[in-house]
Every structure is written in C-alpha cells, then in structure tokens.
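Student: Pulled these from TrEMBL:
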type	residues	note
BINDING	G104, A105, V106, G107, D108, T128, T129, K140, K149, F167, F168, D169, T170	NAD(+) binding site
BINDING	E182, H244, H261	Zn(2+) binding site
DOMAIN	66-177	domain '3-dehydroquinate synthase N-terminal'
DOMAIN	179-316	domain '3-dehydroquinate synthase C-terminal'
Amino acid sequence: MRELLVETGHPYTVHIGQHAIGLLSDRYRELLAQADRVVIIADSRVAELHLDKLLSELEEYHPLVFQVPAGEQAKSAASFMECHSFLLAENCSRNTVILAFGGGAVGDLAGFVASTFMRGVPFIQVPTTILAHDSAVGGKTAINHPLGKNMIGTFYQPQAVIYDSSFFDTLPDKEVRSGMAEVIKHAFISNEQWLEELLAIEDFGAMSESELSLHLEKGISVKAAIVEEDEFEGGVRKFLNFGHTLAHAIEAFLGYGKLTHGEAVVLGMAYALELSDSNRLNDFLKWAKDNGYPLGLLLELPFEALLPYMKKDKKSTAAALNFVLLGSIGRPYVEKVEEHQAQSAFNQLRITIKEMI
Ligand SMILES: NC(=O)c1ccc[n+]([C@@H]2O[C@H](COP(=O)([O-])OP(=O)(O)OC[C@H]3O[C@@H](n4cnc5c(N)ncnc54)[C@H](O)[C@@H]3O)[C@@H](O)[C@H]2O)c1
Ligand SMILES: [Zn+2]
C-alpha cells in the first residue's frame, strides 16, 4: 500500500493500493466510530458492482447509503438537494461523516454536499476511477449549472482519500483511457523520465496493478505539490489545465458525454504540444493512437466552431486566447496566442494526424 500526505491548510492522507478500504475499519475507526451517522453517497453503477464490498468493511458503523445517478448526471442541483433531503430525513447532524463512493462525478457532488450540510461535515473520498487520482485530491467540489459545468462549488478538503485499486477491474476501456490522459498530463508538466515510461505503454490493459498504482501515486504527488502551493488557484494551479482549453471547447461543442473528459484532454494536449512547437508531439500522437484515443475526431471538428468556446475559457481574457504551453517537459507556462496562430497550429496538427492515422 502506498500513502502520501497532502499538506493543504487542512492536511490529509491519500492511501493507494489493493484493499485500501480495509483502512476504514482500522486507521479511520476513530473518525467513523465517533460519528452519529456514516452516510455513503454512491454512484448507482458503482454501487451495483462494488457496494457489498464497501459495506462489509463498514458493518460496525451501520452506514446509510444514498445512491445517485451514475456519472455526470449526479452533479445536478436536483441530486444535490436530494442528498440534503436524505441527510435531514435521517436526522444527520454536524457529527455525521460522509463517504463519496464512485468516480470524480460523485466525488465532486458528495464533497459539495459535505461542505454545505450544516455548514460542513467531514467526508472521505473512496474513488473508483483512474481519473479520480486527479479529482479526489485538491479539494475542489462542484455541481453543474445548466449554463456551465462546475459553476457551483466550493474548496473543501476531505479527511482522507482511500483509493482501492481493486475497483478498477470493472472500469470500461474508455474510462481507463480517460483517467490515463490525466496521468500523462501530470507527467508532461513535471517529469521527463516518467513521461518516457508512460509513452512506452502501448496497451493500458497490459499494465500490472502495481505499475498502475505507482503511476497514480506519481500523478497524485504532482497534483498535491501544486495544490499545496496554490490551494485556491491564484497561480501555478493553472498549469493543471494543460490540454484543457481545447478539451473544454470540444466537450462543450459536442455536448457533454459524447466522449470522455480524458479523451478530449488528449486532443487538447496534442494541440498544446503543436502550439508549443514541442519535439514530443509525434511520440505522443503514436501513444494516443496505440491506446485507442479518437484522434480522427480532430479532422471533423471545425476550428471556427471551437474558437468561441476557447475564448470563454477561464484563463482567457476578452480578446486573446490563453493556453498552458510547455517550454520543455516539466516547464509549463501560460501564453497568449493570437487567433491566426491558433488557427494555423490547428491546421498543422490536422495534417500531421491525417498522415499518421
Ligand atoms: N474536483 C476536481 O478537481 C476535478 C478534477 C478533474 C475532474 N473532475 C470531475 O470529475 C468528473 C469525471 O470523473 P470520472 O472520470 O471519474 O467520471 P465519473 O465519475 O462520471 O465516472 C465515469 C463512469 O464510470 C462509472 N464507474 C465509476 N467507477 C467505476 C468502476 N470501478 N467500474 C465500472 N464503472 C465505474 C461511473 O458510473 C460512470 O458511468 C467530472 O465531473 C469532472 O468535472 C473534478
Ligand atoms: Zn481534466
């Protein structure tokens, strides 16, 4: 089992490995035993697959379970209110502890519920996706507004992140791809040698459990270091948006859910590498192709349609586009890019992709 301390204003530990959930009846017994209620907010798909296993670790605390719709649907104002209604109906109090059980979506929702119920109750993240190595650490919570994703939320750190790799066995391939995209993003912005190791992977399915846990630990340590330095996103935390300006534009243009977040981020990172004039673009495209990311989609997306969304990006100002680019591996910076430059880099990337797929 690996563990890592996140030293934010309120420090907490991330535990990663097979049977990490065993810690709930061990290291976290005190926290859970003193709670008047232990409430699991669970993604319904994850509950169907893995709830029994989690419940068997929590028997002595007689937990209550509230299931929310699987995936992004969980992050609605309606399900936020339903969670609060459930907590109130069950006479929960400030001494209640909430567990988030599922991917980033349920983690964001349950974190927001925990941060607002009675002005804040403790919560533990029990993430079940690879992508959640990113979302479960850092303390951003959110639900979606019809006018924008993640528009309502708080900064609220969990008491612990219990990251049990045995849950990954049931992840669909596209969710593995989605999560691995954020892993390689963390490598791009931090460490060349680690990036080489990741680029050498031609088939995620062939990764061993311990290899994957090690990559997740590295990813979490990059995220944790950045969050520790900039908990409330005034500076370096922006670097975590490497690849995200175009990714968010693609997701918004296509409609959320058409492709996974990480698949969009891979397209966005390819574009950011093109804009950075990086010599790693071809290796990255090969890696993306081998691992089944939908590179061909870039040939179909009209730049003019994506541009307005990129202009709306939180990093951009009125007229200029701002991107996180790479000086070299591990050296991200934010750069203003003129529209015509953005257009020609997009065309160039399309030519390169067309030649290789
Ligand atoms: N708070 C942050 O800092 C942060 C950072 C990145 C992303 N996010 C958020 O995270 C969300 C994406 O998270 P995600 O990619 O984990 O997606 P997700 O939570 O939507 O889960 C993806 C799908 O996988 C299913 N699933 C989850 N675990 C499973 C398992 N073990 N086996 C089988 N199926 C499983 C879910 O039911 C869902 O259908 C987005 O809402 C995004 O905004 C937040
Ligand atoms: Zn992301």
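Cβ coordinates come from backbone N, Cα and C, glycine included.
Buried or exposed, and what's around them? Tell me for each listed feature.
Tutor: Note on T129 (NAD(+) binding site): other Cβ atoms within 10 Å of its Cβ, all shown chains, come to 27. The DSSP secondary structure for T129 (NAD(+) binding site) is coil.
Counting Cβ atoms from all protein chains shown, H244 (Zn(2+) binding site) has 24 others lying within 10 Å of its own Cβ.
Taken together, the residues in the domain '3-dehydroquinate synthase C-terminal' (179-316) have a mean pLDDT of 94 on the 0 to 100 scale.
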Student: Using DSSP, how many residues in the domain '3-dehydroquinate synthase C-terminal' (179-316) fall into helix, strand and coil?
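Tutor: Summed by class, the stretch gives 99 helix, 0 strand, 39 coil.
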Student: I'd like to know which of these binding-site residues, G104, D108, F168, T170, E182, is least surrounded, judged by other CB atoms within 10 A.
Tutor: T170
Student: What's the CA-CA gap between G104 (NAD(+) binding site) and H261 (Zn(2+) binding site) in angstrom, rounded?
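Tutor: H261 (Zn(2+) binding site) has its Cα 11 Å from the Cα of G104 (NAD(+) binding site).
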Student: D108 (NAD(+) binding site) to E182 (Zn(2+) binding site): how many Å between their Cα atoms?
Tutor: 17
